[in-house]
Amino acid sequence: MAKEKFVRTKPHVNVGTIGHIDHGKTTLTAAITKYLSYKGFASFVPFEQIDKAPEEKARGITINITHVEYQSEKRHYAHIDCPGHADYIKNMITGAAQMDGAILVVAATDGPMPQTREHVLLARQVNVPAMVVFLNKVDAVDDQELVDLVEMEVRDLLTKYEFPGDEIPVIRGSALLALEANDPNDAAYKPIQELIDALDSYIPEPVREVDKPFLMAVEDVFSITGRGTVATGRIERGKIRPGDEVEIVGLSYETRKTVVTSVEMFRKELDEGLAGDNVGCLLRGIDKDEIERGQVLAAPGSITPHTTFKANVYVLKKEEGGRHTPFMKGYRPQFFIRTADVTGEITELGNNAEMVMPGDNAILTIKLIYPVAIEKGMRFAIREGGRTVGAGVVAEIVE
């Protein structure tokens, strides 16, 4: 049970550290909590505690994630850190812990490395809106010009993946020196404060789900004699009121418009249903056989049906309950997209690969046998014979 009530006085923002292995992500996370504990804005979480991240399950995949929380003068932050590279890939693809912004940690001693690139690419594909950079281990580099070069390299990398590389704040410091310091006025903490200020000013405040256009995936449909057809489901975003017009999207290229005449929850009528509510929507002029599970109700024009898309996919290892063998082009598993369960064919493997192995992270082109409401950045699961074999995120709509 929760020990204390979460008091919502400051805006809440989800962030996380990303970057190459051993560049100092976990050390930085610990240093932030230590510094802010002196200000009464956090509890210090030591390195060892963050490093032994507990297991979580998301979409049938086990992921190790540590969550810490801290505050600045202006905001409340939930911060995630993952111990292993594979955990980052899995987290970003499954969306187990969403990020409103990321802290890219790059060691000045190494510069950008393969996982740095991979994490930045993933952040772009899963729509992480903004990023700040912490250039770590600058105390270990004697030549200031080298640090300048590394910063230029990082900015170029960010620009390459369509982040505003020229304007992203880059903070230089040493997470280890900060973690070892015991006085909040120690010079080693100055970069930590600069980082917090950068988060406050540069990571935009997230748009609350309730302020986005209405969308509800249809879970079940039934008819009420004399009243009409009711579609039930959880409102993913936005809000719905009786009298609102919605579109039924998916399963064909034609979308149908209808009006929600009543919104009900636990058999009581609501003035409005909000993001997160499980509701039933009574639909005007729709027969029970004209709407089914797998479609969505959405604000008109806010989402369209598609069959073909590119996705970044993590394929489960055998030990994770996934496939024991690789798959090639032409593989036809089931795709679980919101409430839709649809067969699809993998028509292209990225990087001209011959096959995809269990444990791989790959870019695939997928063609579904019928259209589904899809948008960039949305998550899905891949299943075969009743077990999850992969998880993906839509990177680009093809048609």
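Note that Cβ sites are derived from N, Cα and C of the backbone, with glycine treated the same way.
Swiss-Prot lists region 'G2' at one of the ranges 60-64, 75-79, 125-129, 160-164, namely 60-64.
Annotated by Swiss-Prot as region 'G3', the relevant range among 81-84, 165-168, 181-184 is 81-84.
Swiss-Prot assigns the feature region 'G4' to one of the listed ranges (56-59, 136-139, 240-243), namely 136-139. Counting other Cβ atoms within 10 Å of each Cβ, the binding-site residues K25, H85 show the lowest value at H85. If one looks beyond the region 'G2' (60-64) by at least 6 residues along the same chain, the residues whose Cβ comes under 8 Å of a Cβ in the stretch are 53-54, 82-84, 87, 90-91, 94, 96, 314, 316, 320-321, 381, 387-388, 391. The residues of the region 'G2' (60-64), classed with DSSP into helix (H, G, I), strand (E, B) and coil, number 0 helix, 4 strand, 1 coil. When the binding-site residues C82, V138 are compared by the number of other C-beta atoms lying within 10 angstroms of their own C-beta, V138 comes out lowest. Under the DSSP three-state reduction, C82 (GTP binding site) is assigned to coil, being neither helix nor strand.
Counting in whole angstrom, T26 (Mg(2+) binding site) lies 10 from G19 (GTP binding site) by their C-alpha atoms.
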